[in-house]
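Peer 1: Here's a structure for you.
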Amino acid sequence: MAEDPQDIADRERIFKRFDLNGDGKISSAELGETLKMLGSVTSEEVQHMMAELDTDGDGFISYEEFEEFARANRGLIKDVAKVF
């Protein structure tokens with residue numbers, strides 16, 4: 001089954017909003033800054049999210065890692081897309 005083009009566009013837009021410096025990956029600082037814009041988040045919560053999303057353990061969330069998470073959590077991504 002082909003993916004919905006809107007889902008792909010939403011993922012790309014959301015990733016770019018988190019990738020503040022445009023280097024193609026999301027650092028824990030970028031993740032924390034963007035989440036704080038959405039509401040209160042603790043540094044522990046940011047670290048927990050990084051650990052969950054950074055599956056290769058390099059300290060960054062690549063687009064591929066983000067895409068894998070987004071595909072597994074479509075409902076959450078649709079909610080986030082409404083905010084962004």
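Backbone N, Cα and C atoms are what each Cβ position is placed from, and that goes for glycine too.
Swiss-Prot feature annotations, pasted as is:
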- D19, N21, D23, K25, E30: Ca(2+) 1 binding site (BINDING)
- D54, D56, D58, E65: Ca(2+) 2 binding site (BINDING)
- 6-40: domain 'EF-hand 1' (DOMAIN)
- 41-76: domain 'EF-hand 2' (DOMAIN)
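Help me picture where these features are in the structure shown.
Peer 2: For E30 (Ca(2+) 1 binding site), other Cβ atoms within 10 Å of its Cβ number 19.
DSSP assigns D58 (Ca(2+) 2 binding site) to coil, not to a helix or a strand.
Here the domain 'EF-hand 1' (6-40) has, by DSSP, the following mix of helix, strand and coil residues: 24 helix, 2 strand, 9 coil.
Within the chain, the domain 'EF-hand 2' (41-76) has long-range Cβ neighbours (under 8 A, six or more residues past its boundaries) at 7, 11, 14-15, 18, 24-28, 31-32, 35.
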Peer 1: Within the domain 'EF-hand 2' (41-76), what mean pLDDT does the predicted structure show?
Peer 2: 94
Peer 1: Quick check: which same-chain residues outside D54, D56, D58, E65 lie with their CB within 8 A of the centre of the Ca(2+) 2 site CB atoms?
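Peer 2: Other same-chain residues near the Ca(2+) 2 site: L53, T55, G57, G59, F60, I61, S62.
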Peer 1: Whose Cβ, among the binding-site residues D54, D56, has more other Cβ atoms within 10 Å than any of the rest?
Peer 2: D54
